[in-house]
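Asks: Before I ask anything, here is the structure I am working with.
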Amino acid sequence: MLLGAITTAIPWPVRAELAWNFPAPATPLALDTLQVHNKFMVITLAIFAVVFAIMIYSIFTHRKSRGVEPAKFTGPGTAAQVFWTTVPFVIFAGIDFILMGIPAFHSVQMMQDTRTDADMVIKITGSQWKWQYEYPDQGIKFVSTLATPQAQIANREKKDEHYLLEVDNPLVLPVGKKVRILLTSTDVIHTWWVPQFGVKRDAIPGFIRETWALIERPGIYRGQCAELCGRGHGFMPVVVQAVSEPDYRQWLAQKKAGQAAQAASAGHVWSRGDLMKHGEELYEKICAACHQASGQGVPGAFPALAGSKIVNGPMLDAKGLLVKDGHLDRVMNGKPATAMQAFKNTLSDVDIAGVVTFERNSFGNHMGDMVQPSQVKTLR
Amino acid sequence: MTTADVALEHGYSGHRGVTRWLFTTNHKDIGTMYLVFSLAMFFVGGAMIMLVRAELFQPGLQIMQPELFNQLIGVHALVMIFMALMPAATGFANWMIPLMIGAPDMALPRLNNWSFWLLPPAALLLLMPFALALFGIGSGAIGTGWTFYAPLSVQDGMGIDFAIFAIHLLGISSVMGSINIIVTIFNLRAPGMTFMKLPLFAWGWLITAFMLVAVIPVLAGAVTMLLADRHFGTHFFSAAGGGDPILFQHLFWFFGHPEVYIVLFPVWGVTPHILSAFARKPIYGYRAQVYAFWVIGVLSVVVWGHHIMTTGMPTGALLYFMYSTMAISLPLSVLFFCWIATIWRGAMTFEAPMLFALGMIVLFGIGGLTGLVLADAAADAQYHHSYFVVAHFHYTLFAGGIMGVMAGVYYWLPKMTGHMYSEKLAQWHFWLTAVAFNLTFMPQFFLGLAGMPRRIPDYALQFSEFNMISSIGAFVLGASQLLFLYVVVKCIRGGPPAPAKVWEGAQGLEWTLPSPPPYHTFQVQPRVE
Ligand code: HEM
Ligand SMILES: [Cu+2]
C-alpha cells in the first residue's frame, strides 16, 4: 500500500520552493505578526543554540570514558553558582516582559482596535459549511462555498492549482480601506482565517465577534476555517478578492443589479422544470454536504431525504400556511440543536422554492408538487 | 504449615492466576498493570494516528471519510493523554513511590485496586462506538476532537455520550489514585525522610496529585453540563437558551492546561534522578527544583486563557493571559538550568535511560520555546489551530512526556524485572525514535506557518511535500515502537540478572532492595539519615 501511495504521489506538482514562514503579509497586522514572529524565532533559536552548545560541550568533555572525576557540588552554594542560577532567570524575565513583552503589547492593542478610522463594515456568518458575506451599508449578501468538485476530492480528477482553496462567491473588498469585520455563526463555532491578513477570529453562534483588515495590495487571498466544525471542516475555504476602489464600486453595482433581478424573479410564476434545475444546483452546493448527493444521508448523523417521511409529507396546510415540522418548515426554520439550520436567513425565496421542489421530486421521491418563490416570500 | 503461611512464603496474597491480578492490592502488581495497560493503549492510540497519517500522506480523500478522520484524531488524543501517558506515570508512582520513600505499600491498597480497574471499562466505553458503528448502531466515536467544544458536541452523535462516561470513569480513577499518592507520601515516609529529603519523583507526583484533585472535578462538571444540554434540555452552552458556548471552553481549559503539567511533572521528577545517576554526580539544585515545581503548578491554573485567545476576549484579558503564560518560562528555565548543571562536570555514560533523558531535554526545549512564542496574543492569531500548534504540543507531550517515560522505563525496568534489557536494541530504539520524531513533527511547524489548519482530512496542494515527509516520519516512528515492545517483553522474559544497585551512580532507597524487590517490599522499615 505504501509503495502504491508513493508512486501515485509522484505526479503531484512538485513545487519549486517550500514555504518556511508565514506567507507574504497583505495587511499591517500581518506584517506586524510576521516581524514579531521572526524576532521571536531568532531569540528562541539563539537560546536553543546556546543551551544545546553547553550540553554538547558537557556531553563531550564530561564523559566517564575520559576518566574525569565527577564534581560534588549540589546546588547554588558558592557565589559563582548563585550568579549562574539567576542568569537564566533574569534573561527570561528580560525577554518575556521587555524584549517580547513591550512589542507584544502594542501588537495586541493594534489587533484589538477594530473601530478607529474604520471605513466600512462587513458581516460574516459561518454555518456548516459555508460563509455568508453581508454588506450592511449596501444591502447585499451572498453565500460563499467550496468550488472544488467532489471528483477532485475523491481523486477521480486531476486537482486544480487552488484545490480546496477556491469558492463560488469570494468576498470582494477594496484595497486601502480599513474594513471592520463582524463575525457570528448559526450553528457551531467556526473560525475565519486568512493567513496573509494576520487575522483569525471565532464565529460564535449567538454572539458577535469582531476583527479588522486593511488590505494593502490587490490580489486574491485564501484561507480556511480553523475551528473543527464537523465533517466539512476541511472544506470551508475563505477567499477574499481585493480590488481597487473603482473596481469595487463596479462590482457592487453588478451585485446589486443581480440581487434585484433575483428578488424580482421571486414574483414570477416559475415552471417546475426551471425550479428543479435551480434547485438541483443549490442542492449540490449546500445540502449535499450533509444529506449526500444521493439523498441517502449518513446513517446516524444526517437523515436520508430519499423516502423521508418529512419530504414525502405535506408542507402547506389548507390555508397555505406552514405545516409544523413539515418539509418547507424544516428547510426554512431548521431544527434547533442539530446541524440542520434555518435556511431562510441565508437563501433567497427562489433558492428555497427550488431546492424544496427538487427534493420532493428526486432520489425516488415523487410528490409531483412544487412551491412557488412567491409563496415562500409570504411565509417568511 | 498452613496454606496461609505457604502463601506468605511465596509472597502472594493467597490469590493465584487471574484472581491474583483482579483482586490484588499490592502496589507492584497494580503498578505493573498500569504500565501494561499504558503500553497497550500507546499502541492503540498510535495505530489510530497511523491511519490518520496515511490519509494525510497526499491530498485528496484516500482511505476514509471526514467523519472517521475526526473521530480518529479525537480518540487518538484522549487515548494518548488519559490512557497512555497518565497511566504510565501512575504505574511508576505505584511501583516506585513506596520503594523510594521506604513504605511497605500504598496507604490505601483497596482504593488502589479500584483506581486501576476503572481504566479498562473507560477504554472500552471510548472505543466501543467504533465497533457499534460497524454494526450500524450510532455514527461512531466522539468526532469533535478531544476538546469536546460545544455546540458541536451538543449536536454530534452518541459517541459523545460514551466519551463523557469514559471521562467520568477516568476522572474518578485519577482522583482516587491522587488521593492515594498524597496520603502515602504524607503518612508512610520512612523515619528521617523529611519533605526536603523526598525524592524529586515523589515531589513531582505530589504536585501532580494535588493538581488532579483540583481540576478534574471541573472537567467532570463541564462534561456533565454537556450531557445535560444534550439530553435534558438545559442550555448551559447555547446562546439561544441564555447560555454561553465559550463557557465550555473556559471550563475545559481550566482543566486542560494544568493537565499538560499534570502529565509532565512526574516525568520532570524522574529526569533529575536519571541525570544524576549517569553523571555520577548529586542532583543539582534540589530545593530550587521543588520550588520551581510549586511555582509552575500554581501558574498553570491561571493561564488557561491562552488556549482560547481567538474567541474574542477583551484586550485586558488577552494581555493578562499573555504575560502570565510567558511567566511560566521563568521557573521552567530554573528546571532546565538545574538539569544541565546536574550533568555539568559529571562523569557521564550514555545508557538508554540517559539518552532518552538528554533527548527529552533537547526536544522538550523546542516545545517550550515555541510555547513562549505562542503566548504572544497577536502572533497566536496566526498559530492558533494550525499545524504549528500540533507540532508544538507534540514536542511537549511526545518528547517531554513519552520520551521521559521511556527514560524511566529503561531506568527502572531492570529493578522491576530483575533482568537487564538489551542495551544495544534500546540504543537503536532511542536513535530511531529521536530521528523519526523530528522527521514527523518538524515539518508540521512549517505547515502551520504556511497556513495549514489542524484537524482537516484533506489539504491544499501547497502542503503536499511536508505532509508526505511527516507521514513517512510517523510510520518510522510508529514502527520503532515495536522495537520498544520487543525489548521490554524480552527483558521481562529473561536476560542477564540485574544487581540490587543496577546503575553505578544511582541514589535512593529503591536501589538498596534486591532486583526484583520482594513481593512485600520493606519487612523492616528503613531509616533515612
Ligand atoms: C507516533 C506518535 C504520534 C503521531 C504520529 C501523532 C500525530 C498526530 C496527528 C497527525 C494529529 C492530528 C493533528 C490534527 O489534524 O489536528 C495528532 C493530534 C493529537 N495528538 Fe498526536 N501523535 C502522536 C503521539 C501523540 C502522543 C504521545 C500524544 C500525547 C500524549 C499526542 C497527543 C495529541 C493531541 C492532544 C492531539 C490533538 C487532537 C485533537 O485535535 O483533538 N499524540 N497527533
Ligand atoms: Cu467551520
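Glycine residues also receive a Cβ, built from the backbone N, Cα and C atoms like all the rest.
Keep in mind that this is a model prediction, so the values were computed, not measured.
Copying in the features that TrEMBL gives for the protein in this structure:
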| type | residues | note |
| --- | --- | --- |
| DOMAIN | B:15-529 | domain 'Cytochrome oxidase subunit I profile' |
| TRANSMEM | B:30-52 | transmembrane segment |
| TRANSMEM | B:72-95 | transmembrane segment |
| TRANSMEM | B:116-142 | transmembrane segment |
| TRANSMEM | B:162-188 | transmembrane segment |
| TRANSMEM | B:200-228 | transmembrane segment |
| TRANSMEM | B:260-279 | transmembrane segment |
| TRANSMEM | B:291-309 | transmembrane segment |
| TRANSMEM | B:321-343 | transmembrane segment |
| TRANSMEM | B:355-375 | transmembrane segment |
| TRANSMEM | B:395-413 | transmembrane segment |
| TRANSMEM | B:425-446 | transmembrane segment |
| TRANSMEM | B:466-489 | transmembrane segment |
Asks: For the transmembrane segment (B:30-52), which recorded stretch in the set B:162-188, B:200-228, B:321-343, B:466-489 gives the largest number of Cβ pairs separated by under 8 Å?
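Replies: By the under-8 Å Cβ criterion, the transmembrane segment (B:30-52) pairs most with B:466-489.
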Asks: Do any residues, 6 or more residues outside the transmembrane segment (B:260-279), come within under 8 Å Cβ-to-Cβ of it, and if so which ones?
Replies: 81, 85-86, 89, 92-93, 199-205, 207-208, 211-212, 215, 286, 289, 293, 296-297, 300, 335, 338-339, 342-343, 346-351, 353-354, 357-358, 360-361, 393, 396-397, 400-401, 404-405, 407-408, 411, 503-508
Asks: If I count Cβ-Cβ pairs under 8 A between the transmembrane segment (B:72-95) and each of B:116-142, B:200-228, B:355-375, B:395-413, which range comes out on top?
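Replies: Answer, by Cβ pair count: B:116-142.
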Asks: Looking at the stretches B:116-142, B:162-188, B:200-228, B:355-375, which one shares the most CB pairs under 8 Å with the transmembrane segment (B:425-446)?
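Replies: Comparing B:116-142, B:162-188, B:200-228, B:355-375: B:355-375 has the most Cβ pairs near the transmembrane segment (B:425-446).
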Asks: Going along the chain, which residues at least six beyond the ends of the transmembrane segment (B:355-375) come within the CB cut-off of under 8 Å?
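Replies: Here the qualifying positions are 267, 270-271, 274-275, 278, 306, 321-322, 325-326, 329, 332, 336, 339-340, 343, 383, 388-389, 391-397, 399-400, 403-404, 406-407, 410, 427, 430-431, 433-434, 437-438, 445.
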Asks: I'd like to know the mean pLDDT over the domain 'Cytochrome oxidase subunit I profile' (B:15-529).
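Replies: Value for the domain 'Cytochrome oxidase subunit I profile' (B:15-529), mean pLDDT as a whole number: 94.
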